[in-house]
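As structure tokens, the structure follows; a few thoughts come after it.
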């Protein structure tokens, strides 16, 4: 008892005290490890939730809500209607030639529908037309062969009308006849293309500017029901019954082709209505029963020329007024019963169907399509439209889509263009294909080298040499991938191009040389007694490998010129891209070898020596022992190494960014380039406008990449555990 008191006085810890301290430390460590694991899972969950949050607006359905309804003083019927960008000010032109600006939002004592300003533009117009796309521009066909071009100017206070060709009407017909079916376009700033039909059936087309005008006249034309002119002023559509004549508009009018718009013999007879979508490349045709069809030019054999082709059909709620957006391929059909059907040109089903006031006479979208103004017999109605991403849906992301001027439906990724009304193409298939293509060729290069190296290092190599080789290979994994990509793009790609035939010949010559060395070594050992350190065969084989590589690179180009008459890459022509999948496979394979090698070698080296020793004792050769005993025992770890390497290849950014042409194409050729998902995000995210469809599709790409790598790694771990359990069961059995 005295000794116990003495131990307490000098601070000696008893066994029970040590157990308590150990238990506390164990509990703290367990909590830290568990908490860290949960924190990692929470971080992954937060990343997933944030990506979903950024992507979700892409798939929200279009909605439309009533903003205001009011009466407008209409002393004369409206012939043209439009909105400003903010949807706050509207303009109208009546059949007496007067233009009004009207306030759509109540401000102070001025209620909605108040007149802001009015201006007499011309005498009562015979015809009026709005130019397709771009800023609002109107042409007024007048009596005595005259015309006037006007556009609203919202930058002035109060808003007013501008006259690009002067406020005095310009003479178009020297005979002084009234101009019907007037159409116009502004292909260049302050230069206008116009076309019209006179009372005696002559077709007039000309180019007008402030300096003068040049007019072409055609007399041999069919009866005109409607004219349309593309925004670039190059094509003039003339509708006569169900026959559409297409003229090329240049220094003179040239008939390109005549197309029948009523292909169905059982279609309802009656007048057709034409309208151009934004950009002027797609033509909408409305039949008497309300059916809508989209047509655009497609290059066809045998003449390899463009021909107007029917692409897809739309079924609105009923025949009615057709109105289009100025900058997007979006249009709406409004029936007399007030049934609205909102469409995007990329899908046949409506984005939105909604009930509106009956008796609609005119309708107009704001330039960005976020407001819709409707004039009916009861007054004006202003609507707020929520339709931010009409061209993006599951079909456009994952299926073939027939885009304007493409010869057939295709998977296309093309996010930007210089055109103001460009229709972006966001198919994920090309970049997913490019990702898998790059990963596949990289694994094809890395797996044989990494696994063969791991097998030799773990089982055949001497311990001293292994202590040098294994850390050296693992150090390769520390190379920055941006450096590998830079070297691959700047140095390796031209080298592969110049020595392409030799590089393709190299695997065959290496296999032959190594087998020949093995056969010769076995025969030599039978006749000559020569000793070499165990596990140092690779040092003896290294000169043979180097000599074979030099021989392949020397023979290959000579063989190519001898057989083909020119270097292989020149013989391939357009089928060879300098920065191609072969370059990516070599460069990324170099980055994957350390990862796969290290994990596979650890798995092989961890196989109990007793298994291999027992196999050798029973008379098996070293190679039989490796194939029948060691590899099955380590297969779970090897499979895990391969899947981790594949996941690394799928998520690689800098190598595929710098070593490929970054062309989003679907081509399995090893000599063609590609674009991977990670590289696509790195390239386009800096230029994507926050909140735009492009921005959110890039986040969708990131979500697909995240889910893919997560599923691959999870599946790899599950299979690894299952294989380990099965192997343990076989061992115990």
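Cβ coordinates come from backbone N, Cα and C, glycine included.
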415-437, 438-460 - the one TrEMBL records as transmembrane segment: 438-460
Annotated transmembrane segment segment (source TrEMBL; candidates 380-401, 534-555, 556-577): 534-555
Feature transmembrane segment in TrEMBL, mapped to one of the ranges 581-605, 656-680: 581-605
Per TrEMBL record, range annotated transmembrane segment [choices 343-364, 695-716]: 695-716
CB contact flag for the transmembrane segment (28-56) and the transmembrane segment (695-716), at least three pairs under 8 A: yes
Chain residues in Cβ proximity to the transmembrane segment (499-522) (below 8 Å; excluding those fewer than six residues from its ends, i.e. six or more beyond): 541, 544-545, 547-549, 551-557, 559-560, 567-569, 576, 582
Stretch contact, the transmembrane segment (438-460) with the transmembrane segment (695-716), Cβ-Cβ under 8 Å, 3+ pairs: no
